[in-house]
Every structure is written in structure tokens, then in C-alpha cells.
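J.: My questions will all concern the structure given below.
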């Protein structure tokens with residue numbers, strides 16, 4: 001009651017002090033603030049600030065002449081709301097400058113027409129889920145137009161909606177007026193990346209958090225309330241200390257439509273952040289020693305993620321089939337875990353899955369024939385489609401999503417899959433656009449599109465499986481072939497045979513193979529696209545890579561035919577550096593593990609059942625780890641992973657410099673393919689596939705950049721950016737917004 005009394009008194013005082021406050025004055029004040037921030041000149045605010053102004057950044061008093069307000073910046077977006085009752089304003093700023101990106105939330109309170117308080121939360125790389133480009137992208141898709149006068153909610157209704165959201169944080173049964181649709185934006189992550197139209201604001205809310213010190217700005221005209229507050233638990237080193245936090249709510253018809261979150265310093269003071277997804281605690285770790293501990297731990301497993309998400313959503317297994325895996329406690333290695341030696345071999349599902357995927361996708365003697373077959377097919381296809389001696393203008397997106405994908409799929413699965421399903425590529429890319437949404441847990445009746453996309457995709461794979469099982473001679477000479485025309489590679493054939501012999505339904509077999517298609521192309525295609533874009537943008541880089549690639553081709557002395565040595569090309573230093581730099585900046589993975597028992601990770605106690613996360617974007621763009629004075633960590637530099645070694649020319653005796661590939665930082669801070677036991681089994685195949693395609697293209701063709709285009713092919717005046725809809729799940733495709 002005391003806390004509520006203070007709020008009432010504060011409101012009364014503010015109302016009295018702001019008797020002359022009006023919207024025109026407040027709009028002028030926020031315009032002046034935005035201009036001052038853009039110029040980096042806080043002195044220009046002198047006319048509207050009180051002599052005793054209290055200026056804070058992240059809840060700490062700061063000299064306004066040396067704080068973030070004194071830093072000039074190109075502001076890509078600003079939005080303000082204005083509270084004539086409290087005579088207060090809130091402003092949201094987004095700066096995507098790669099050198100110094102920011103997302104800034106600022107609250108100003110006025111007394112007698114002068115700002116007596118300016119409090120700012122200026123987030124930057126390293127803060128919770130920070131991604132200014134993503135924040136701008138999702139912002140641009142939302143509608144924040146003024147609410148028509150006859151449809152505006154009262155001040156009390158708008159504020160109550162925001163309060164209900166935070167009241168739910170320590171009371172899971174508290175009713176929150178979420179609208180349908182409703183979307184939440186945190187850093188660069190968006191809960192409704194596909195525009196599904198459902199209520200995604202309720203996903204992953206905590207249930208044991210009590211937020212403190214709520215400060216409001218309410219704007220009836222905009223249907224918005226900003227709440228500054230203290231959010232405890234974000235910093236594991238001081239779990240009870242409230243952290244600076246801002247939430248902006250859009251309320252329409254009494255229902256929450258959008259939520260924007262800005263949380264500061266969560267990873268600056270501690271490399272461990274704790275938050276909640278429903279009632280499950282989640283620990284987000286940062287730093288090399290924590291990454292190493294996570295990937296090395298036997299008590300952190302991926303099995304729970306597969307049981308909850310992978311098998312039911314992607315493999316489309318029945319409950320009975322999933323339970324077979326759940327009952328298997330014998331581990332993934334050839335030797336069963338102690339106490340499980342009695343488990344029959346045919347019931348060791350985890351070990352068999354590991355064996356099939358990793359043996360046939362990771363071992364050199366299985367990979368080389370696949371890559372050689374891909375090189376043969378791709379060389380043939382580009383010769384047929386792009387004759388020498390004439391210029392052709394083509395879309396990199398079309399080249400990679402159609403030509404490259406077609407060749408990749410027929411290599412891995414054989415030609416039958418496309419012969420039986422001429423529209424298979426369309427079905428795959430349609431599924432790809434919804435695949436990430438499947439794991440969110442929406443029921444089919446609420447959001448049917450992802451299920452329709454999955455059904456369409458898997459129906460075609462089932463048709464392919466049925467034909468293969470019928471036509472393939474399982475006792476013939478091709479049973480151990482590295483490649484044959486029915487199933488293509490051994491991995492496809494062995495995976496089909498294992499699941500079929502084990503009695504899994506056809507839909508589950510198709511789901512397993514569909515996940516293989518998804519893993520092969522959804523991640524490799526964006527990487528190839530980014531590599532080709534960077535090569536075309538930089539003629540010197542293209543020339544250097546072309547010269548390097550030339551050494552990987554072998555000429556037959558009898559026929560004169562040139563073929564690519566796929567093993568040699570995979571070891572080229574500059575190409576490896578280019579590839580690594582693309583992965584570092586264009587892959588966004590959230591590593592997820594489940595604690596099988598209570599444990600301690602470098603002094604941090606993690607309870608059984610907790611989720612442990614590591615975010616590749618944080619690890620792979622850390623300035624202290626990857627940056628250099630000339631080349632900041634968040635900027636692309638193709639030679640970041642090159643060192644030059646002096647050697648003496650054996651013929652002339654002169655010294656010369658030779659490139660060697662050397663990752664610029666500890667491998668512990670680089671995990672685009674995951675880490676530990678669940679590391680992507682197809683990573684070696686993917687790398688060889690990508691290198692082969694790039695090598696063949698740069699060797700055979702002259703290339704030059706023409707223009708940026710929109711997805712529909714129309715010209716664009718903006719370069720491609722990473723598509724943040726895929727943040728956290730893999731490669732970020734290029735897009736133009």
C-alpha cells in the first residue's frame with residue numbers, strides 16, 4: 001500500500017506542475033531531443049532543461065556533456081509518445097551504423113516547462129539480444145499510426161494493460177489483455193517473424209520475477225504506454241539487483257498489439273544471464289570458458305530438445321515413436337552407458353541415429369564421392385545453362401535457390417526425387433519459409449500455414465521413399481555403393497533403411513529425410529549467396545580468389561579436360577578465410593541444451609531441467625575477441641583469418657609471403673555449426689559443397705556487380721542485409737528492406 005501511495009502522490013504533484021503542459025510543447029521537446037542526439041550537441045537542449053536537471057544513463061547519473069547524448073549519430077528511426085497528464089515523453093531511437101549501432105530509449109519529465117529529468121537506456125552490442133538492424137527491420141513492419149479519436153482507450157485502460165503484463169511475471173495465472181495478433185520485439189528477435197497473426201506475446205514469459213520502480217509515459221492518441229523499470233535476474237552475478245529496462249506497449253481496443261523491449265548491461269557485468277521461459281529457468285552464457293564447458297559437459301544434452309521439438313515438429317513422429325527414444329538411456333556412443341548394457345542393439349535409437357548421420361556425413365571416405373558427384377553435376381549444369389563468350393545478367397538469389405539447390409538435392413538424394421516431383425523445389429522453399437514457426441508450438445487450428453507447408457513438402461518425400469523402397473534392390477551390388485540413382489548417397493539410403501526396418505511410419509521417414517534437405521540447403525544457400533555478393537562487390541578479392549582457385553584444378557594430360565580437386569580447394573587459405581568470415585557474421589545460432597541433473601558451470605549453479613543457451617551472434621561479434629583497430633568485429637574483412645608466412649623461393653632464393661589460414665580467435669568463440677556431440681554432422685559436406693560451387697563459378701566466368709534488387713527483381717537503392725526472421729536458427733539469408 002505504501003508503494004501505491006507514493007505513485008498516487010507523484011501523479012498528483014506532476015499533474016499540478018504540468019498544468020500548462022500541452023502536446024505541441026511536448027512534441028517540440030522530443031524534436032529538439034532527437035536533433036540534439038543526431039548532432040551530438042546536448043547544449044542545444046539548454047532552453048528546455050532545468051538548471052537542476054538530473055540526467056541518467058542506465059539508472060546512473062552521468063554528465064550530460066560526456067554521455068551518449070554527446071555522441072553524434074545517424075538516426076535511422078525515431079518514435080516518440082507524449083503524456084500531457086504527467087508532462088512526460090518517451091522516445092525510441094535506432095542507429096544501425098556498423099561502427100556504433102545503438103537502440104536507445106529515453107524518458108523526459110518536465111516541471112514548469114523545463115526538463116527536470118532525462119533518463120536514457122542506450123543499448124549496444126553485448127546488451128540483451130542486441131541487434132539494431134533487426135530492431136529496425138521489425139519496427140518498419142508495424143503500424144503505429146495515431147488511434148482514431150472515437151476508438152481511443154482511456155489512460156487507465158492503456159496503463160493497466162502494461163501493468164498486467166508485468167503483474168504476470170510473478171503470477172502465471174494473472175490475466176493479460178493480449179490481442180490477436182500480438183508480437184514482441186526484444187533486441188533483434190521478433191516473436192512473430194512470419195506475420196502469423198496469432199498471439200505470440202505470451203511466449204516465454206517468466207513467472208517468478210517481481211519488477212520494481214515502474215515509471216510511466218501514457219499517450220492516449222498513440223494508444224501507447226512506456227514503462228521504465230528495474231528487472232531483476234538478468235545479471236546472474238547480482239541476481240536480485242534490478243537491471244535497467246524499458247518496455248513500450250501499443251494498445252488497441254484494450255488489447256496489447258506490440259511490445260518493444262530495451263534491456264541494458266545484461267552481459268556487460270556478468271557473462272551469465274538468467275531468464276525464464278514459462279516456468280523453466282534459462283541460463284544464457286557468454287565467454288570462451290563457458291562455451292567450452294557447455295560443449296564438453298556430459299550432463300548437458302540435446303536429447304530433450306529433440307524429444308520436445310525436433311522429433312514431433314520436424315520428423316513428425318508419433319508419440320509412440322518419440323517414446324522409444326525417450327526410453328533409451330544407453331547414450332549415443334557405441335558402448336552403452338553403465339547400467340544400460342542390457343538394452344538390445346535394435347532399441348539403441350540414439351546411438352543408431354548418431355552412427356547413421358555422423359558416419360555417412362562426416363567421414364572422409366563417404367564425403368569425397370558425394371562432393372565429386374556434386375562437382376561433376378554442377379560443372380555440367382553451368383556449362384549447359386551459361387555458354388561461354390556472352391554476358392548474362394542473372395540474380396544471385398535465382399542462381400543459388402534454383403540451380404545450386406537443384407544440383408545439391410539431386411546429388412544427395414538422386415535424380416528420382418525431382419523426376420517424381422517436378423515442383424519439389426517450390427515445395428521445399430515454401431516449407432523453409434515456415435520451418436522455424438513449426439517449433440513455436442502453435443496448434444494447427446490456430447496457425448495452419450506451417451502445417452500445410454510441411455504436409456506438402458513431406459508428401460513429396462513420402463512418394464520418393466515409396467518408389468525407392470519398391471524399386472531398389474536391397475540385395476544387389478548397389479547396397480553399399482557411395483552413390484546410385486535411386487536414393488543418391490548412402491546417408492539417404494541408410495537413414496531410410498534404418499527407420500523403415502525399425503517400424504517407423506512413412507511420415508517419420510519422410511520427416512527425417514526432409515530435415516536432411518532442410519539442413520543441407522536452408523543454411524548453405526545463404527552462405528553461398530553472401531560469398532558471391534562479397535566477391536562481386538570487391539574486384540580485388542575476386543581476382544585473388546580466382547588466382548588461388550586456379551591451383552586447385554587438375555588438367556588431364558591425355559584429354560586436356562580440367563577437373564576440380566575437391567579436397568585441395570577445401571584447403572585454400574583465402575577461400576577458407578572468406579567462408580569463415582561469412583559464417584561469423586551471417587550465421588545466428590542459439591545453442592540449446594537441457595541439464596539432465598543439477599550441475600555447476602564455472603561456479604554457476606544450474607538446476608536439473610534448466611535450459612542452457614549460448615548465442616553465436618554474441619560470441620562471434622565480440623570486439624575484444626575478434627576486433628582489430630582497422631577492422632571492428634562487426635564489419636566484414638575477408639582476410640581476418642589470414643596470416644602471412646615468409647618463405648624462400650627455391651628457384652630464385654628471394655623471400656616471398658605466403659597466405660596461411662589461421663582463425664582470428666579461439667575456436668571456442670566460433671560455433672556456427674553448433675558444438676559438442678550435437679554439432680551439425682553435415683558441416684564438412686556443406687563446406688565442400690560451397691567451396692566447389694564458388695570455385696567452379698569464379699574459375700569459369702568473369703563476374704561484375706550490376707545492382708541491388710528487391711525480391712521481386714525491381715531495382716533497390718539499398719544493399720542487402722541479413723534477414724533477421726531467421727535469427728537464432730541458422731544462416732541469415734540476404735534481404736532488402
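Placement of Cβ uses the backbone N, Cα and C atoms for every residue, glycine included.
Pulled these features from TrEMBL for this protein:
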- 680: heme binding site (BINDING)
- 151-262: domain 'DUF8021' (DOMAIN)
- 710-737: region 'Disordered' (REGION)
- 1-19: signal peptide (SIGNAL)
J.: In terms of DSSP three-state secondary structure, what is the assignment for residue 680 (heme binding site)?
T.: coil
J.: Let's see if you can do this one: DSSP helix, strand and coil counts over the region 'Disordered' (710-737), in that order.
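T.: The counts are 3 helix, 8 strand, 17 coil.
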J.: When you measure from the Cβ of the residue listed as 'heme binding site', which residues in the chain that are at least 6 apart have a Cβ under 8 Å away?
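T.: In sequence order, 519, 673, 674, 686 meet the Cβ cut-off.
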J.: Taking DSSP states H, G and I as helix and E and B as strand, how many residues of the domain 'DUF8021' (151-262) are helix, strand and coil?
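T.: Grouping H, G, I as helix and E, B as strand yields 17 helix, 46 strand, 49 coil.
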